[in-house]
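Asks: Just passing along the structure, written as C-alpha cells.
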Amino acid sequence: MSLGGILASALLASTITVAPPPDRPATSTTTGAATGAVTLITGDRVVVTGGNVQVEPGPGRQTGFARQVIEGHLHVIPFDARPLLAQGVLDRRLFDVTQLLQWRYGDADRPDIPMITQSVDVPGTRRLAGLGMSTLRVSKKNAAQTWKDLTGGGARALAAGKAKLWLDGLRPWTLDKSVKQIGATEAWKQGMTGKGVTVAVLDSGYDPDHPDLKGVVAHERNFSDEPDIRDNLGHGTHVASIVAGAGEQYRGVAPGAQLAIGKIGGRAGASDSAILAGMEWAATEIKAKVVNLSLGGPDTPELDPIEQAVNTLSERTGTLFVIAAGNSGGQFPVSSPASADAALSVGAVGDDDQIAGFSSKGPREGDHAIKPDLTAPGVAIMAAQAGGTHVEYSGTSMAAPHVAGAAAIMAQRHPGWTGRQLKAALMGSATPTPGARPYEQGTGRVDLVRALAQQVVAEPANVWAAFPWDGQGERVSTKTITYTNSGDASVTLDLSTQGGEVLKLSAQRLEVPAGGTASVTLTIDATGKAPGDYPGVVTATSGQGEIRTLAGAYVEPESYDLTISAVGREDDVPFVFAQLYDPETGAVRTPVFQGGTARIRLPEGRWNLYADIAESGSLTITHATVRIDDGDQQITLDARQGRPASFTVDDPAATPRKVVDLAMRFGKWSIAWRAFDLDPTREVYAVPTREAGLSYQLRSVWDSTSGSLYDLVDHRTGGLPADMGQRARRAELAEVEATFLASGVAAQGRPYFTPRLDDELGGGLYATLQRDVTLPGTATYYRTPGLTWDSAWVTSTSRVWDAGKVIKRGRTKEVWNAAVTGPSFAQPNGTRTGDELSFDAGRLFADGVEGRTGADDAATGTATLTRDGRTIAETAPAGCRSKPCLLTAALPSEQGRYTLTTSMRRQVPDTALSSTVESAWTFTSANTPEARPLPLFAVRYAPSGLDSFNRARPGTVTRVPVRVERNPGAPQAKVKSLRLEMSSDDGASWLPLPSIPTGSGWTASVPNPRTAGFVSLRVTATDTSGTTVKQTVIRAYSVS
C-alpha cells in the first residue's frame, strides 16, 4: 500500500472528530513516567504530572489519542499516526514519552524535535549524501504544520513505500595486561603496530593534552552539540588510548596507527544524527580502514538507520566497523548497531578469558542469528583518563577498541584487504572460551598471534538460516564457505562441526592451494527439528591452527496466518486499528489493515484481539479470543453487532462533553484512548462479549449550567456488557466541594482528575480538565464513587498532586493551594541502592494539605551532597519540568555521615509565597543490599485562620499546626527535639517560636507583624535515628 493510501486511511480515524475549540480540554492518565512536558512530532503536547498525563491537541488537530505502557515506557500515540507506525514508516520512539523525557527532549530542554529522514524532502533538512538520509530539526511551535506537510496532500513529502521518519535518539556509551592477553606485544615484535593505518574513534572526543595521545591523532572533527573536541566525559580518551595510546606504561594495541577522532556526543550519549555524520566522515572523507563505536541502544527486528549505515558504508567503502555488543548481560540481546550484519560485534571477557557477566549476548532480535562475533578483554582495563592520568574502566566499550587495534595491525599486514576480510580473519582465528556458547562469545576471544600466523581465511564468517514453521515440511538451506590461502604453500584442512546438530558438510577434508581458494558446501538441515535456536561452529583444522566459522539455524515456533475482516455499520471500508496480544506476557502484534482486511502470522496459542472500528458516524469497540493452532484461521469483526455505550444524568441542565474515554485491561495488556470533541450525532458502540479476565472503564463528562461538573465512569470486569455505560442519579454520586486558594495574588489554574484502574499496569483513563479556575475560587464536582481518583492542580509553572484516594458516595470537601507550600514526603523520595544514592530536589513545593507532592518548573537552585564535609555530588537545576533536578551520587560502601542540602528559589506571577525553600538533612548511611529509602523527614505546616489569599491580618496571632512527614519505607523514628523560628523580614532576622506538643505533632502561635508583609518559617529538628533537618520557607504566608 502506498504512503498516500496509508495516510488516507489514517484520516478515517479522524472523521469521527471535529476541530478542537481554542479552550479544548486536555487529557491525562496514570503513569510512572518521569515528570515533564514534551511536544510530539504531530504538534500535540503531553504533560506528565505525578499520577496524571495531560494530552493537549496541537493547533487545528482533529484526532484522538491512544496510550499504552510498553516495557515500562508510556507511549501516547495520536490516532492519525497509528497506520504509519503499523507500516513501519514512523519510529515508535517519537511517541515514547518516557524515553523523550529521559533523553531531555522535553519542552523545558529544547525547542525542537530532532529527526532523521529517508526519502523526505522538506525545508531545513541536512543531507547525509552517502547514506541516502537527512537530518531535520522540527520546531515544536510549528510541529503541527510540519506534520500536516509531511502527511497531507497525498503524502507529497513522503515517497510512497520508501520514506521513513526516525527520532534522532541517543545511544549511551556502553590496559596494560589486556594488550598482552590478546597477543599485541607479540605482534609488535614482528613490527606489526598498525603503522600506516587510520582508525577512527567516534566517541566523546579526546584530551588533546594527554601524553598518551600526543602525536597519535591525525584528524579530528566535532559532530556534537558541545563547543569543541575536548573530552568532558573521559570515555573517548580511554577508548582512543586502548586503540593506539603511545604511553610508556600503558600502550595501546596498535601504537603505530593514526587516529581520527570524531566527537559525536557527551555525557548523555551520542545522537543518531551525530553518529551517522561521524560514520560518513570517517569512511568516505578520512577513508579510515577501521572505525570504533563503543556505544549502542536497544535492537529491534527492523533495520534502524545506524545499522543500515553500517551495512551501506561497509559495502561501499570497505571500512570495518568494530562495535561494542552492549552491557546488558542476559537481560537484553546484543545492542544496535553491533547487531548489523556487517558490524564486527565485540563482547567482553576478563583476564581469565571468562565471559563478563555484563556482556550482552545473543541471539539477535528477529532472525536469532549469532551475535556477538567475538570477544576481547573488557574488565578492569587501565588506560588514559581525560586530565592526563589513567583510570580503570570495565565494559564492552573497552573490549571493542582492543579489536579495533587488532584490526589495524591486520590491515598493516594485509593492506589490500577489505573490512570484510579483516573481520573474517579476526573471527576465524579467535580462541574460544571453554564451555561458552556461540551466543555468548561468537568464535571466541580475539587472538592476534593466531591471526597473524594463519594463512587461510574463511568467508563468510557467519552463516545462518531462519526457517518459518511449515509443519513437518523440509527445512533445508545450502551455503558455501570459501577458504582463501594467502600463503605460498598449500594447506590441508580437516573440517568438522561443533554444537550445531543441523550442520552437515559436503567434505571432511579440503586442500587449499597456495594463493588460491577452495570451497565446501554447508547444508543447514532443520527438518523435523523442534522450534528453537541451533547455534554452532564449523571448524577447519590445519598445522597452523583452527579456523572457526559461526553457523546455525533458527526454527520458528509453530505459527499460522490469521486473516481479520471488518464489517462496518455504515461505511463500506471502515478504518480499523487492532492489536493481538498475549495476556500472559503482554506481547503485542499489530496487524495492518488494507481495504478492511488484515493478515498476520502468529505463533500457536491463545491470543486476544482488541479492535476499534472508526466510521463517519460511529466508533465500535470489539474484543475477542483467538486460538491459533493447526492451520490458518479467519475472523470477522462486525460493527453491526455493537450496542450503544451511553450515559445519562438526572440533571436537566447537564449536557455531555464531546469526549469519550475508554480503558481496557486483560492480564499484562492494557490500552487507553480518548476521542476528542466527538460530535453528538456520532455514537460509540461496543460488541458484547464475555471474557473473565477483561476489565474496562468507559467515561463521560457532563457540564451543567449550574456550574457543576459530572465525571461518570462505568467500571466492570468480565467482558463488554450489552448495557455498557451508566444511568447516574446525583444522589448516588460522590459530591466534592473544592476550594482553590490563591498564593497571595490572583491567578488561574487547572484541576485534573483521573479515575484509576484496579492495578498499576498503565491502563488508566485520561483525565479531564475540570475548567480553568480563577484563584481564589470554588467548584462542585460529582463523580462516580468507589473508585480511586488521582488529582492534580496545575498553574503556569507549578504542579501539585496527590497519591490517589477512594472517594465515597456523599458530600466531601477538598482544599487546594493552602499554605504552607514546602518539602513533602507524601510519596517516596531519596533512596540508596547498594552504593548509589538518588534524590529528586525538585519536590519542594507541595501545598500544605496532607498527602500532596508538588514541584515548580520555574524554580532554580542547587542540590549538594557532602560526606564528612567533602562534596560528593552537586547539581544546579535550571527548571525542573523535564530535568527532574535529580541528584545522583556514588558513595563509599562503609558507613558515613552525609549532609544533603537543597536550595530552590522561584519568582513567578501566579504566587507570592514560598519564594525560597531550603532544606539541609544530615543522616547516616552505609551500603545496602537492596533499594532502601533514605532516613529523611520534612516538617509540614497548616496555618489556620488564613483567608482565601492565604493571608493573615496584621497584628493578629496565627495558630500553626506542625507535623512531621517521614520518607515512606524509611525506618521509624521519633522526633526528640524541634525548634521553630519566624521572620518578618524575609529571613534577615529570626525570632524563636514556642511550640506545644499535641497527639499528632505540635502547635505554634505566630505573632503576625503589625504592617503588611510576609511571615517566614524555619525549623531545626532531630529524630532518634540521628537524622537532623534544618528547613526554611521564606514567605510562608502573607500578612495584609
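Just so it is clear, glycine is given a Cβ too, placed from its N, Cα and C backbone atoms.
As the structure is a computational prediction, the values presented were derived from the model and not from experiment.
So TrEMBL says this about it:
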ACT_SITE  ASP203  active site, charge relay system
ACT_SITE  HIS235  active site, charge relay system
ACT_SITE  SER397  active site, charge relay system
DOMAIN    194-443  domain 'Peptidase S8/S53'
SIGNAL    1-19  signal peptide
Asks: Which three-state DSSP class does HIS235 (active site, charge relay system) fall into?
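Replies: For HIS235 (active site, charge relay system) - judged by DSSP and reduced to three states - the answer is helix.
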Asks: Quick one: mean pLDDT on the domain 'Peptidase S8/S53' (194-443)?
Replies: 94
Asks: Where ASP203 (active site, charge relay system) and HIS235 (active site, charge relay system) are concerned, what is their Cα separation in Å, rounded?
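Replies: One finds 7 Å between the Cα atoms of these residues.
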Asks: What is the Cβ neighbour count of ASP203 (active site, charge relay system) at a 10 Å cut-off, with all protein chains included?
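Replies: Excluding its own Cβ, the number within 10 Å is 28.
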Asks: For the C-alpha pair, I'd like the distance in angstrom between SER397 (active site, charge relay system) and HIS235 (active site, charge relay system), rounded off.
Replies: 9
Asks: Compile a sequence-ordered list of residues in the same chain as HIS235 (active site, charge relay system), six or more apart from it, whose Cβ lies below 8 A from its Cβ; state 'none' when nothing qualifies.
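Replies: Expected: TRP173, ASP203, SER204, SER294, SER397.
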Asks: Mind giving me a neighbour count for SER397 (active site, charge relay system)? Other Cβ atoms within 10 Å of its Cβ, every protein chain shown.
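Replies: Its Cβ has 29 other Cβ atoms within 10 Å.
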Asks: In three-state terms from DSSP, label ASP203 (active site, charge relay system) for me.
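Replies: Where ASP203 (active site, charge relay system) sits, the three-state DSSP reduction gives strand.
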